[in-house]
Each structure stands twice: as C-alpha cells, then as structure tokens.
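Taken from Swiss-Prot as is:
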type     : residues                   : note
ACT_SITE : Ser25                      : active site, schiff-base intermediate with substrate
MOD_RES  : Ser25                      : pyruvic acid (Ser)
BINDING  : Thr57, Gly73, Ala74, Thr75 : substrate binding site
ACT_SITE : Tyr58                      : active site, proton donor
Amino acid sequence: MLIDMLKGKIHRATVTQADLEYVGSITIDETLMEASGILEYEKVQIADVNNGARFETYVIAGPRDSGVICLNGATARCASVGDKVIIMNYAQFEPEEAKHAKPYVVLVDDENRLTKRVRYEKHGLLAEEL
C-alpha cells in the first residue's frame with residue numbers, strides 16, 4: 001500500500017499573471033520549483049488563500065528568478081492576479097517511509113522571491129520553530 005504525502009509547497013505566492021487563452025497549466029519561477037522539489041509537468045494542487053478555491057493542474061517552468069506565477073487556460077478562472085496561493089506537490093510513500101517524510105516549505109516575499117526554504121517537522125512546525 002502507498003500513502004499520498006505532501007512532498008513540498010510554495011507558501012503564499014502571489015499570482016502575477018493569468019492567461020485564459022493558453023493551453024493549460026501553471027507557470028512557476030524555476031528557482032521556486034527547484035527549492036520546493038516541483039518538477040516540470042508534475043501535477044500540483046493549488047489553494048487560493050483569498051477565495052478558498054482548490055484546483056489541480058500541471059507545472060511549466062518559468063524564467064529563473066522572474067517571480068512568475070501565471071495561471072494558464074481554465075485555471076485562470078480559479079484565482080485572480082494578486083491573490084495569494086499555496087502550491088503543493090505530493091509523493092507516494094510506503095507506510096514506513098511516510099512516518100519519516102519531511103516536506104519542503106518554500107517561503108516567498110510579495111514579489112515571489114525566495115526568502116526561506118525549510119522542512120516541516122513534528123506537529124506541523126517548521127524545523128526552525130522547534
């Protein structure tokens with residue numbers, strides 16, 4: 001049996017663009033992708049902090065250090081430019097592996113520049129908070 005577990009997330013990024021006419025997906029700054037462990041074309045779940053919507057799509061790499069968070073295609077209807085979003089990816093683990101999984105948390109400023117990369121520890125606390 002495999003268990004779906006959080007692998008990493010980009011916390012409270014700001015949506016910078018929305019392109020309804022694009023084929024689909026979310027474009028994410030490549031620096032943020034690498035820091036959170038998100039791969040190009042990987043499925044992600046997005047939670048809009050402003051309106052509570054949750055939706056899934058796949059990722060396209062955006063220019064490194066550009067701060068881009070662009071909702072493409074139908075996902076452009078799920079959040080507005082300026083909204084804060086949480087972008088999460090998941091992995092499947094065997095139960096014993098899952099007990100020791102510690103997801104990456106990528107924190108950004110209002111321009112989506114990486115400010116900190118930490119791991120979750122016990123009880124949802126970040127490593128630095130223990």
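Glycine too: its Cβ is placed from the backbone N, Cα and C atoms.
Owing to the predicted nature of the structure, the values given are computational and were not obtained by experimental measurement.
In terms of Cα spacing, the recorded positions Ser25, Gly73, Ala74 that come within 10 Å of the residue listed as 'active site, proton donor' are Ser25. Neighbour counts were taken at the CB atom with a 10 A radius for the binding-site residues Thr57, Thr75; the maximum falls on Thr75. Close to Gly73 (substrate binding site) in the fold, though at least 6 residues off in sequence, lie Asp19, Leu20, Glu21, Tyr22, Val23, Gly24, Ser25, Thr57, each with a CB less than 8 Å from its CB. Other residues of the chain with a Cβ within 8 Å of the Cβ centroid of Thr57, Gly73, Ala74, Thr75, the substrate site, are Gly24, Ser25, Ile26, Phe55, Leu71, Asn72, Ala76, Arg77, Cys78. For Ala74 (substrate binding site), the same-chain residues that are 6 or more apart in sequence and have a Cβ closer than 8 Å to its Cβ are Leu20, Gly24. Tyr58 (active site, proton donor) falls within a strand segment according to DSSP. Mapped onto three states, the DSSP output places Thr75 (substrate binding site) in helix. For the recorded site, Ser25 (active site, schiff-base intermediate with substrate), the DSSP three-state label reads strand. Residues listed for substrate, Thr57, Gly73, Ala74, Thr75, cover a largest CA to CA span of 10 Å.
Neighbour counts were taken as the number of other C-beta atoms within 10 angstroms of each residue's C-beta; across the active-site residues Ser25, Tyr58, the minimum falls on Tyr58.
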